[in-house]
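First comes the structure, then the notes that go with it.
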Amino acid sequence: MQIISIILSLILILTIIFHRTLHTIPNLLTANSSLAIFIYAFVVIIQIIVGLQSKDKGKEDLCIFLSYFTAIAIDVICYSYLVTAISQYFFNILYRRKYLLTFRIHWLIIIISWCISCFLPLFLYLSGALQYSSEMHMCTLKMSVQWALFIYMGAALGIPFFGIVGIYLYITRHIRRINTMTIAITTSLSTAKRDLHVLKNILTLIGILGTAGLPNIILVIWNAFSLDEAPVSLYLICVLTISFCTNIQISFIFVMNKNVKVVFWNHVQRILH
């Protein structure tokens, strides 16, 4: 299932890198999200291979180590959408501050988001919240460490989600104020509506991500309030749901990026002919 994510993310990243006309800030943000999805899919495949072969403590430790990088990739995916929303805020609200519209600032925001994403899973790793499951042949969350799980989920999922929603609502109000002004700002209105469409796409992606995280929330609640341990099938549903939603996300990103899609298909047609 992760093969689809790897192929589409590579297509997006390589197409953007090797075509100068695609070297724009929106495509930089697209490549950032695609790279995070690629890393997630790649690490999950390695984790499954290692998990199926794990018979000793050393391989179990390796599985936990790989799970740390899986968590980093998931965090980068969430925060990459927040970075894109912040970029739209710069272009719509703070557009007079030209330095905020540069590649340098966007690279800085991306680097900060990666640093945060690398730091957050330490709550899981250092608290021992990751454990190897011999039944699933994968690493799962140890639900007994409730405080670490709630801190992690709040920071990794809650902050990006509510940040994006807040920016979306603010830009929506901004566009409504523009609608009440004179016709002289038609160009600004058109640009704002276009960027609002981008934000709606981001909300769609974060909604898909939220759907992927729903089984995990159910799992946390189950283990917090139930005396019986959650069934193995629920753990499997969590893993499969995240993998399935990741495929949907990268497919959505590819379909919605018309410029990359056109360049890629033109290149394919030249090769075939």
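Placement of Cβ uses the backbone N, Cα and C atoms for every residue, glycine included.
Feature list (source: TrEMBL):
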DOMAIN    8-254  domain 'G-protein coupled receptors family 1 profile'
TRANSMEM  6-22  transmembrane segment
TRANSMEM  34-52  transmembrane segment
TRANSMEM  64-84  transmembrane segment
TRANSMEM  105-127  transmembrane segment
TRANSMEM  147-171  transmembrane segment
TRANSMEM  202-222  transmembrane segment
TRANSMEM  234-255  transmembrane segment
Review point. Honestly, do the transmembrane segment (6-22) and the transmembrane segment (234-255) touch, with at least three Cβ pairs under 8 Å and pairs 6 or more apart in sequence?
Key: yes
Review point. Do the transmembrane segment (202-222) and the transmembrane segment (64-84) share at least 3 Cβ pairs closer than 8 Å, excluding pairs fewer than 6 residues apart in sequence?
Key: yes
Exercise for review: Could you tell me what the rest of the chain brings near the transmembrane segment (64-84), counting residues at least six beyond its ends with Cβ under 8 Å?
Suggested key: 26, 29, 32-33, 35-37, 39-40, 43-44, 46-47, 50, 106, 109-110, 113-114, 116-118, 120-121, 124-125, 130-132, 138-139, 152, 156-157, 159-161, 163-164, 198, 202, 205-206, 209, 242, 246, 249
Exercise for review: Pop the mean pLDDT for the domain 'G-protein coupled receptors family 1 profile' (8-254) in here, whole number is fine.
Suggested key: 78
